[in-house]
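K.L.:
My questions all concern the structure below.
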Amino acid sequence: MRIPFAEYIGQHVLVMDGGQGTDLEARGIAVDNPLWSTVAYLDRDEKQLKCVRDMYKSFIDAGSNTLTTVTYQSSFQSLRKYSNGKISSEADYFKFLDYILDFTENQCLTSDQYLIGSIGPYASFLLNGTEYSGDYGPEKVDFVDYYRPQVTHFASAARVDCIGFETVPQFCEFKALLSPEFANLCSSKPYYISITTDKDGNLRDGTSAEELCNFIENKARELPSNLVFLGINCIEFEYCSAILAILNNRLTKCRVRFKAAYPNSGEIYDGSSHSWLQNPDPSACQTWENLASELLEQNCRMIGGCCRTTSEHIGRIAAIVRGHA
């Protein structure tokens with residue numbers, strides 16, 4: 001029986017999984033489509049579902065005790081637009097999410113592993129790489145309405161231990177996620193919000209770390225208790241520890257701090273070609289062991305990997321976390 005998520009992180013450190021898309025692609029699933037890794041669930045093809053089971057097993061065997069649903073790119077708007085008519089109503093959508101949750105619980109996890117309901121940013125619907133720029137264009141977006149179907153369903157799902165809002169690149173979106181209206185969608189379910197930044201802790205849309213943290217501190221008294229922490233993900237590997245320190249050093253009067261970190265593998269994403277390139281900086285010699293140790297020293301409560309990370313990387317994190325316990 002699992003200890004409640006919020007209680008567990010008070011005493012222990014969670015080890016997440018890594019790059020699901022990277023793993024599934026290596027197993028033969030074509031993830032270069034608008035629904036990314038979720039495509040494995042649409043056709044319910046047994047070969048693809050076996051790849052999902054094997055993907056989870058590889059991360060669990062490496063030491064992950066906290067797994068994320070394969071739903072990052074699975075908002076209602078995304079499914080309605082890109083599922084070729086399979087998801088046309090919220091009722092269809094909720095059944096689809098239930099199928100994913102049932103499959104994950106009964107065929108991929110054991111009862112002692114935590115499950116995070118993964119929700120990507122609005123950028124994951126736009127499909128134009130704006131996770132790396134935060135440029136959502138001139139149109140005003142109702143972020144609360146966009147997130148509502150996926151959030152409310154995860155909030156009511158017993159097997160979801162925590163909801164993770166990931167890779168948020170834009171200040172207006174982040175502000176909406178900290179609003180009381182958004183908190184109401186989550187009900188009493190634990191949740192966290194993870195941002196993506198440059199090497200200096202500035203949001204991808206150019207909002208400075210100082211402005212971001214000032215906003216968080218000004219909202220501190222309004223933040224609900226089930227917002228368990230903030231996080232950083234999809235960031236440059238060698239700057240991960242420094243980014244966490246930059247942000248937390250600016251939060252001197254706030255209960256909610258940045259306590260989750262899952263960086264990319266160390267390669268550099270080229271937004272113009274939509275491809276990953278080797279880091280040309282020969283001084284980028286940070287190791288996963290050193291990074292995990294530095295994050296633990298900063299009281300990070302959840303550590304994992306994002307783009308291009310593998311079960312081998314997660315195993316190296318898990319070894320350090322075990323030694324820290």
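Along the chain as shown, the residues are counted starting at 1.
A Cβ is built for glycine as well, from the same backbone N, Cα and C atoms used for every other residue.
This is the feature table in TrEMBL:
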BINDING   C234, C306, C307  Zn(2+) binding site
DOMAIN    2-321  domain 'Hcy-binding'
K.L.:
Around the Zn(2+) site (C234, C306, C307), what further same-chain residues have their C-beta within 8 angstroms of the site's C-beta centre?
P.N.:
G19, T167, T196, N233, I235, Y262, P263, N264, G305, R308, T309
K.L.:
Whose Cβ, among the binding-site residues C306, C307, has more other Cβ atoms within 10 Å than any of the rest?
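P.N.:
Of C306, C307, the one with the most crowded Cβ is C306.
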K.L.:
Across all chains shown, how many C-beta atoms besides its own are within 10 angstroms of the C-beta of C234 (Zn(2+) binding site)?
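P.N.:
Neighbour count, Cβ to Cβ under the 10 Å cut-off: 22.
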K.L.:
Between 0 and 100, where does the mean pLDDT of the domain 'Hcy-binding' (2-321) sit?
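P.N.:
Average per-residue pLDDT within the domain 'Hcy-binding' (2-321): 95.
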